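Trainee: Dropping a structure here in structure tokens format, bear with me for questions.
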Amino acid sequence: MRLKNLTFIIILIISGELYAEEKPCGFPHVENGRIAQYYYTFKSFYFPMSIDKKLSFFCLAGYTTESGRQEEQTTCTTEGWSPEPRCFKKCTKPDLSNGYISDVKLLYKIQENMRYGCASGYKTTGGKDEEVVQCLSDGWSSQPTCRKEHETCLAPELYNGNYSTTQKTFKVKDKVQYECATGYYTAGGKKTEEVECLTYGWSLTPKCTKLKCSSLRLIENGYFHPVKQTYEEGDVVQFFCHENYYLSGSDLIQCYNFGWYPESPVCEGRRNRCPPPPLPINSKIQTHSTTYRHGEIVHIECELNFEIHGSAEIRCEDGKWTEPPKCIEGQEKVACEEPPFIENGAANLHSKIYYNGDKVTYACKSGYLLHGSNEITCNRGKWTLPPECVENNENCKHPPVVMNGAVADGILASYATGSSVEYRCNEYYLLRGSKISRCEQGKWSSPPVCLEPCTVNVDYMNRNNIEMKWKYEGKVLHGDLIDFVCKQGYDLSPLTPLSELSVQCNRGEVKYPLCTRKESKGMCTSPPLIKHGVIISSTVDTYENGSSVEYRCFDHHFLEGSREAYCLDGMWTTPPLCLEPCTLSFTEMEKNNLLLKWDFDNRPHILHGEYIEFICRGDTYPAELYITGSILRMQCDRGQLKYPRCIPRQSTLSYQEPLRT
């Protein structure tokens, strides 16, 4: 009985595995890359894709796949796309002060190593004279830096956060913890962080900043608002499509602490194109294009022994196909004549009479090759075209020359029919077409084309008052976008859309946008002065709209607000405040029977916001009987420090005295 039950369970499990529905893969959104345009246009036709289907994706200029390549394939699996179609920004050669880099590259691919060294008296981030770092998907494995050797570390001013101690100077190997205010994050992207004092400074410089999201690329056939260089956590961007296009995806995306969510949408055409045509059962078509324009016609034929019912033509109209015909099996039995004769070959006859659907095969004599299908079929009284037998004596000479490319494995004197060569393009040239060319009967099939890259011309940029938004390699691949920005003091014409600043490389040519000088309006006069602080930027009589100045407080004063003020439409933004420190009064401490709890609090200045702790002298206790000892911990507030009061134990109070200041 137990064996029966076990067998039944095994059958259930196996049947469950056999009939489990395979989960298809949805439309992939390639971060910093793209797939072929027709997938975007006919998204609903191609997706979801079935298991084991493959899809190629390409990376934008300045980005590579995780394996360091510009193009890669991903496969649909039961777990989704594998590998995940993502493109990562190449690592740029760092601007290294007090050190050197051993090679002359400007950009490094993912998984590529770079060696750097430091000058005398300076150390790498690992405390060594030389170090090797690797380009990873999120940047360098550690940021190449040469830091001066130190014996102590000074805790920097911490805005929007607090240290766990009031101590300011730390010895090597000392550690300190700090916490950031709501909405701000540590240098490591956390709410709290512990840093260590090393010989070259802090392991990670303490700071609290708002997380930022990467800039957004322009979408094809659409635009978004607002456009910024960088976005902070909480920023929302809305997408719009041009006329005759609609959004596929959410029109609103938001910057979170983990990046943008949801992914950017795409703009798809409404009516101008049709997907591949519907194919009735037992039919075939002659063309196999991926897209069809409005008004295009496709001819449909029925398979052998089937008759067409309805129009053999269907038309693309407003994004939809007209009604296709049906192919119905014919009832009439029609015989064919004897199979046709061919030179230098013969048919393999197996009957005297042949009807609809009957087939006959051919073979060639020795020394001849069969050209065409080796099989013909009787179709309603007529044979399909027979093959030809061609003498097999033609070899191919040198393969065709490809400009800016070459045969990968060297060139032979001659090539036999059926052999092939593989082409590769020169560095930065994009291969279009099949990379394989085959020798067939003395002729080569069409070779690929190597499309020229673009070289950005500095003279043209200076002439048009523009500069590159991002750092690129010396060449930009055909089809990739180059983002420009206007130089400071220049702007696009009011009638020119912002999309003109994003230019596509087209076979070595770049159409440079033109920026003109801004009108002189919105200028500011001298920036406002602040109490207990100074302006450390160089000063001028007038300031352009958008320019800024930086402030610094006097020693021991606490800077509150932004340390920079900006000129906006003729007015300065609010400058920072410099809050006064507190001075410890031993006279007040004596009056109130107080002692310092910690020796390190015996200092001339206590910064705004810092705490200082007291204890009562012997045989005294806090005057406020209902309050615990925590009242003896006081905070400096804009130069004012309140002192608690301790009274002798034999005294009694008939009333509660206020705190003295």
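Here the Cβ of each residue, glycine as well, is placed from N, Cα and C on the backbone.
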Trainee: Could you identify, going by Swiss-Prot, the member of Cys59, Cys76 that forms a disulphide bond with Cys25?
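Mentor: When Swiss-Prot is consulted, Cys25 turns out to be bridged to Cys76.
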Trainee: According to the record in Swiss-Prot, which candidate from Cys180, Cys241, Cys255 pairs with Cys208 in a disulphide?
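Mentor: Candidates were Cys180, Cys241, Cys255; Swiss-Prot matches Cys208 with Cys180.
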Trainee: What residue among Cys582, Cys616 is stated in Swiss-Prot to be the disulfide partner of Cys646?
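Mentor: Swiss-Prot says the disulfide from Cys646 goes to Cys616.
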Trainee: Which of these links to Cys153 by a disulfide bond in Swiss-Prot: Cys91, Cys118, Cys197, Cys213?
Mentor: Cys197
Trainee: Of the candidates Cys524, Cys553, Cys636, which does Swiss-Prot name as forming a disulfide with Cys582?
Mentor: Cys636
Trainee: Give the distance between the Cα atoms of Asn162 (N-linked glycosylation site) and Asn545 (N-linked glycosylation site), rounded to the nearest whole Å.
Mentor: 35
Trainee: What is the number of other Cβ atoms found within 10 Å of the Cβ of Asn545 (N-linked glycosylation site)?
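Mentor: 18, counting other Cβ atoms within 10 Å of Asn545 (N-linked glycosylation site).
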Trainee: Based on DSSP, tally up the residues of the domain 'Sushi 7' (394-452) by helix, strand and coil.
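Mentor: Going by DSSP assignments, the domain 'Sushi 7' (394-452) contains 0 helix, 24 strand, 35 coil.
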Trainee: Average pLDDT across the domain 'Sushi 7' (394-452)?
Mentor: 84
Trainee: Measure the Cβ-based neighbour count of Asn162 (N-linked glycosylation site), defined as the other Cβ atoms within 10 Å of its Cβ.
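Mentor: Result for Asn162 (N-linked glycosylation site): 15 neighbouring Cβ atoms inside 10 Å.
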Trainee: Under DSSP, is Asn162 (N-linked glycosylation site) helix, strand or coil?
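Mentor: Once the DSSP labels are grouped into three classes, Asn162 (N-linked glycosylation site) ends up as strand.
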